[in-house]
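In what follows, a single structure is set out as structure tokens and then discussed.
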Amino acid sequence: GGASEVKATNDSGLSGKVMIYTSMYDDVIEAIDNTLEEVFPTVDIEFFYGGTGTLQAKIAAEISAGKLGCDMLMVADPSYALELKGQGVLEPIMVKDTGKLAFEYDKEGYWYPVRISNMVLAYNAGKYNKADLPNSFYDFANDKSVAGMISMSNPLTSGTALDTISALKDKYGYEYYTALGNQKVKIESGSVALTKLETGECKEIMILEESVLQKRELDNSKITVIYPTDGTIVVPSPIMSINDKWSANKNIEAAKAITEWFLSEEGQKNIVKAWMHSVRSDYPEPPYDAIPTAEIRKNTIPVDWANTVALREEMRTKFQEAIAAKK
Amino acid sequence: MRSSANKVSNLMEHQKWFLDPKWIIIGLIVSFLLIFQVFPLLYLVFRAFFSTGKFSLEAFKRVYTYPLNWEALTNTLITASLSMVFGVLIAFPLAWLVGRTNLYGKKFFRTLFVATYMVPPYVGAMAWMRLLNPNVGTLNVFLQKIFNLSSAPFDIYTIGGLVWVLTGFYYPYAFITISRAMEKMDPSLEEASRISGANPLTTLRTITLPMMLPSIVAAALLVFVAAASSYGIPSIIGLPGQIHTVTTRIIDFVYIGSQEGLTDATTLAVFLMVIANIVLYISTFTIGKKQYITVSGKSTRPNIVDLGKWRIPITAVVVIFALIVVIIPFISVALSSITVNLGEPLSKANMTFRYWERIVTRKSILSSARNSLVSAVLAATFGMIISGMMAYLLVRTKVKGRKIPDFMITVGSGTPSVVIALSLIMTMSGKFKINIYNTLTIMVIAYMIKYMMMGMRTVVSALTQISPSLEEASQISGASWLKSLKNVTLPLIAPALVAGWFLIFMPCFYELTMSTLLYSANTKTLGYELFTYQTYHNQQTASALATAILVVVFFINWLLNKLTDGEFSI
Amino acid sequence: MSRIVIKDVKKAFDDVVVLNDFNAVFEDGEFITLLGPSGCGKTTMLRMIAGFEKPTKGEIYIGETEVSSSKTFVPPEKRDIGMVFQSYAVWPHMTVFDNVAYPLKMKKMDRASIKEDVESVLEIVHLSQYSERVPSQLSGGQQQRVALARALVAKPQLLLLDEPLSNLDAKLRDSMRFEIKEIQKKLKITVVYVTHDQMEAMTMSDRVIVINHGDIQQIGAPPEIYRYPANQFVADFVGKINFIRAKSENGQVTFKDSKQSLDYSGPVTGDVVVGIRPENLRFISRNGDFLGTIVSKFYLGDVNDCRVDIGGEQLRVIAEPKSFDTYNEGDKIQLRVDEFSVFPDSGDKDLTKILT
Amino acid sequence: MSRIVIKDVKKAFDDVVVLNDFNAVFEDGEFITLLGPSGCGKTTMLRMIAGFEKPTKGEIYIGETEVSSSKTFVPPEKRDIGMVFQSYAVWPHMTVFDNVAYPLKMKKMDRASIKEDVESVLEIVHLSQYSERVPSQLSGGQQQRVALARALVAKPQLLLLDEPLSNLDAKLRDSMRFEIKEIQKKLKITVVYVTHDQMEAMTMSDRVIVINHGDIQQIGAPPEIYRYPANQFVADFVGKINFIRAKSENGQVTFKDSKQSLDYSGPVTGDVVVGIRPENLRFISRNGDFLGTIVSKFYLGDVNDCRVDIGGEQLRVIAEPKSFDTYNEGDKIQLRVDEFSVFPDSGDKDLTKILT
Ligand SMILES: Nc1ncnc2c1ncn2[C@@H]1O[C@H](COP(=O)(O)OP(=O)(O)OP(=O)(O)O)[C@@H](O)[C@H]1O
Ligand SMILES: Nc1ncnc2c1ncn2[C@@H]1O[C@H](COP(=O)(O)OP(=O)(O)OP(=O)(O)O)[C@@H](O)[C@H]1O
Ligand SMILES: [Mg+2]
Ligand SMILES: [Mg+2]
């Protein structure tokens, strides 16, 4: 399979350093890093972990300084990839079996999806009944019984949250923001929201599936995912390589090999271990406690990536005003 | 005293014609500040004005006409001012009780009252959130039960709640600064008041308080700037209730991750810098000529105020205060570090030490701790050296432009961490011949820029208390300026130096925002670890780490206290 | 009422005993001076009366009230005392006016009377023109006068003055002494005064308490102390004196070295020390008590000071300039002794050793 | 070399002029005393010599070096000066020993010699047993002696002493004076001394500079200043004096009120003030210059002080006790004047007014 192919590439004399900025959890990276060391013993691969916002800020600052500190990126969503592509910092890489990719990718090779995050709803099964709670994004914003006790991430700082409000706007219009505002939704980071769910301060939250899954597996948490009846919002996260003009180590060969590896079955196995879904159609295994990827894909709310970039400011502003107005 | 300071300074002016080590050192320090602080920040501000390539106020217009930003500005001013007022109102009497009276358990309280300073604010904020949220806050529920209330008595997600938490976390700045000054005061000045018929309280109000004014103003400044530029607390306490502050808005802009976002963030950050300096200006203006010498050339006997029959009641009040502000949130943090499910009460089944296990088994934690220790120690030490020199320049000389370093240092503190980090990335990664990106150096510098003011202000207020005649006596004994500084001035302000060092060290030790932007594979810090746990959707591990830090710092402090007889501890 | 009773008071700092078995009664309206070498415990005593220091043992009464004892303690502000601190303790953050006005403000007097009183006391200490200055703009003596004015202004029942005039010139000191005495007499207040200046102690006090090493040596009116010192220390400390070792027997004291002798029929016999004040020695043309040679002559302004060798012992003689204008160093002269004291010889080697 | 030249020095704080046109030369090895009322500018002068204060105008030279002027400035630590500050400036964080050892440490002396020197100077100031104490455990006078010891220990070329003995008792003061003089003579150093004590000024100084209101009034050796004061201020300030308004004409001065007169052939004529020191008045049995009545008699320890009315004017007479043991208040007596000075009458109402 793919793994042996990669090994072959490796034997063809890769070397040097590769620095990868990623928003994947440190623990996950540690595992992946160990595997990579075996796969590419001659390449010195380093990860820099940061939240999406932190990384984007760091990258922006580095671009303004004239040089990036990395060679590859595994962060944010396709809209961010589109943006970077536009700024001319990415290197096109043609990978071999793109046919196996179940998700959209850049045909010129500037970015490929490498992991799938799903925006879902979650509640505390130890405290509430699923039946008593909203089961759709729509109800989440309109069911008064949870008013004041719901929470979501900040679209200003989180890429996936922005994608979510973009998708929901396309589906329900800007009224959806007003509805959220009326519900007195709390805007906070995922970790805080999860804690609130545990303590019962919140009844239901809008959150990435992987956060819940991880908590369930590691902490035996009773927090449970609700796949919204009006569709899950699926956010593929891209893998990108930086071109020689901007990259830290000018190691395109290695970057290419690493990209191949991540997209391979072997690489995807590691992604799934990190509670995210695989991008390959031939690797259907879902993460711990999740429903199969295909199941999810049956009912999704699509995100228009180009539009998300284009209307970013407008959506953020509208969202903020809607939320702030109903303090 | 002003006049004496002038006296000294007059001659300083003329000494500069000699190749005096003083001017070399001061020159070095000023150039350091210019290169590593002024230039990056200026560059950032410059970018804000030239966002489109040529000079424009476009960004300013955009940022400052947006109503939400205005709301954030007012919120910041309100919360920072209130925290400042309450912080000083709490810190002053506590400092007095601990420093000048026979309160029971003084030494213990002295350490306890700075404890909140030893945990990262965001961890503490989480604790308060769990205690006082209007839905299921533990304390709220408890009070509801006891007093049979129909609804929760407190809502933490309000301006009031924000001020409460900010005050709880930043009053130690004031406490440390004021208590250090208080302990040095000549007691005969208070005795003169007692004998004039003033009771201890009146004496406190009319003599001690005004004489402590430089320290109080310094303390207020620290609390204000710290509260106004803090991010952790407003983001956790303020945002859920839609209370935006300038810092949360700046972070919003920054994390947009675009060039425009950066510009907007800087543009907004300019406000904080300006505000910090207005406060500095007002404070130096109000105390102006009032620099009171309370350590004179004649030594008087140290004396403490006997609280008499009030001793027990006052101790009781202090205990209650400590319980509410320090103990309860700490216990809450400590307990959550061993709770599996934070939604359930702590029971045997719901208890675990695996979060502790995680922090002690995790590979990188030791090296991160070492990195944090090294960078915090370096930042605190260099920070104090610079603060000390600059404070001397400010208080004891009349050199033209001596206020500029003070101004620069204040700008640094008033700037949100994230902006400092970004400005350093932009300017210190080779574009301008200096490349210290991805080194520990850049972290140390970032920490210094952000926290140096804590040291500077503490030293300035301490220095104004020392009679210049003590330094003159050293000079006339044949000691050069540097030696006088080392042998006389520094030992006399040693408590303030220690306090200042600690005030810089502690926040650097668990610094989060800048660290997460500036760390590299080899320079991970504790702040980075905390950040990971925080976003790792696991408050418990963060709590465990915070508790561990607290315990270690407490232990070291206790040890130093024992070893140095209280000279080198907080 | 400000009769002060000090009963069995002892004061120790840790294990350093500073005052020992202090017993004294200061009568109402009395002017008491504490006199003693530097470090003997004067300031400590004042501070105990004021209530800044608690006695390690013993009791202090002011009027009928027990103010300090193991059981009770009245805080300083309730004792109605005015005090000048040895270190002045003027408040650096207040103008001269405000410093002086402070005790009156504490009494809640109205502004107009405060102004009036402060101005009049500033007049007394010659600081009127400095009332708006802050202490850092004043000279040492000016600061001391601020401290004095502050102690006087509230007309307290009891005044404690710790070397209040040490930094003033003779003229001012004269004038301040006069004012303090005036105030004391007019208000009939009790004053406890610490000074190193014997002239001050002698002219101002009703009674002087001589202290050494924390022990009371003698309590008495000034002439009593000067003329009839209780022991050698007092004799030495209060004014100048010549000590000569002698033997007292058969109604005579005979000097050990010079063998010259004086008639003496007092009670002290055996090995003694004879004390003669320099001004009780006179040059006389004939029938002198001793014969001697002038060793040195020293001009002191209003008096002359000279040393005379009487054959082994040197004596200091102070006299008005005229009386020995005619004599020169080396001249033989006769001396007449007007008054002398006899003390048992304690065996101390150096009879004029300074004790601190 | 420590000849000090002060040339046209003026000092003002903002617009308060404190010293004016100060011109003086202190010769090498000379003992100079600055004498003047509180606030006249003595401390300011010392601070300028030390280099803590810059003259507003004028130059100061130490030896051949111009140390302070508009062009050059030598910092204090390079001037080789020992100084006692009026406020002591002892370092609260150092023991007595360390305080005193400090100047020696700055000279990089070896430990053993430092110990030796410090111990010997502590012996001199009688503080040996306190060497391990910190200043807050010392009495005021003890702290002052620490300051003195610190100034003396390094044997500087120039000593500036600002009331170094003000808080010491008479015995100690005597002994300290003696030691300072000894050191000065032995090392031939220049000493500039500030004191309020005229006795001190008179006995110790080679020359005295009398200052008032920032202006030099007179420079001269002590007897010169005492006996031939340059003006009424000096006469008044240095020692006690009786001033009597008189008319000077025809070889006589005639007192305005009592009409008694003295022979005078000096240069001052017209309205004058006659100054007579109390000790220049003597009781005499006959052929006195004046007739008078004893108004009061005052016991001062070693002398008596009494006031005599000569028919309009009151004169103060100081004499050894014996000389008027026989006279009582109210007695008529005759007075002889031994010496007097005559000054032009400046028209001041109160002739003994205190200037500050
Ligand atoms: N900063 C200042 N501003 C204005 N006037 C000042 C200042 N410092 C001192 N003075 C004044 O200068 C004068 C001289 O002060 P200085 O200390 O030299 O006096 P002094 O002769 O030493 O007096 P004393 O004997 O009382 O110590 C005083 O009248 C004082 O009030
Ligand atoms: N905290 C202390 N510990 C030990 N000894 C002390 C302490 N404070 C004062 N003393 C000693 O107590 C003695 C008395 O001090 P006090 O100040 O009463 O002396 P004083 O008579 O006022 O002397 P002076 O005339 O020099 O002011 C001194 O010998 C001093 O060294
Ligand atoms: Mg004393
Ligand atoms: Mg002076």
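Even glycines carry a Cβ here, placed using N, Cα and C.
In TrEMBL this protein carries:
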{"type": "TRANSMEM", "residues": "B:21-46", "note": "transmembrane segment"}
{"type": "DOMAIN", "residues": "B:73-283", "note": "domain 'ABC transmembrane type-1'"}
{"type": "TRANSMEM", "residues": "B:77-99", "note": "transmembrane segment"}
{"type": "TRANSMEM", "residues": "B:111-131", "note": "transmembrane segment"}
{"type": "TRANSMEM", "residues": "B:156-176", "note": "transmembrane segment"}
{"type": "TRANSMEM", "residues": "B:211-233", "note": "transmembrane segment"}
{"type": "TRANSMEM", "residues": "B:268-289", "note": "transmembrane segment"}
{"type": "TRANSMEM", "residues": "B:310-335", "note": "transmembrane segment"}
{"type": "DOMAIN", "residues": "B:369-560", "note": "domain 'ABC transmembrane type-1'"}
{"type": "TRANSMEM", "residues": "B:373-395", "note": "transmembrane segment"}
{"type": "TRANSMEM", "residues": "B:407-428", "note": "transmembrane segment"}
{"type": "TRANSMEM", "residues": "B:434-453", "note": "transmembrane segment"}
{"type": "TRANSMEM", "residues": "B:492-521", "note": "transmembrane segment"}
{"type": "TRANSMEM", "residues": "B:541-560", "note": "transmembrane segment"}
Ranked first among B:21-46, B:77-99, B:310-335, B:407-428 for CB pairs under 8 angstroms with the transmembrane segment (B:434-453): B:407-428
Interface-richest range of B:77-99, B:111-131, B:156-176, B:373-395, B:492-521 toward the transmembrane segment (B:211-233), CB pairs under 8 Å: B:77-99
Closest-packing stretch to the transmembrane segment (B:373-395), where packing means Cβ pairs under 8 Å, from B:21-46, B:268-289, B:310-335, B:407-428, B:492-521: B:492-521
Criterion met for the transmembrane segment (B:310-335) and the transmembrane segment (B:21-46) (at least three Cβ pairs under 8 Å): no
Which of B:156-176, B:268-289, B:407-428 contacts the transmembrane segment (B:492-521) most, counting Cβ pairs under 8 Å: B:407-428
Folded-back contacts onto the transmembrane segment (B:268-289), same chain, C-beta under 8 angstroms, at least six residues removed: 2, 41, 44-45, 48, 63, 69, 73, 76-77, 213-214, 217-218, 220-221, 224-225, 228-229, 246-247, 249-250, 253, 403, 406-407, 410-411, 413-416, 419
Outside the transmembrane segment (B:407-428), six or more residues from its ends: residues with CB under 8 Å to it: 33, 36-41, 43-44, 221, 225-226, 228-229, 231, 246-247, 250-251, 254, 262, 265-266, 269, 272-277, 280, 386-387, 390, 434-437, 442, 445-446, 448-454, 456, 511, 513-514, 517-518
Intrachain residues whose Cβ lies under 8 Å of the transmembrane segment (B:21-46), provided they are six or more past its termini: 12, 15, 266, 269-270, 273, 385-386, 389-390, 393, 404-405, 408-409, 411-412, 415, 419-420, 422-424, 426-428, 432, 434, 445, 448-449, 480-482
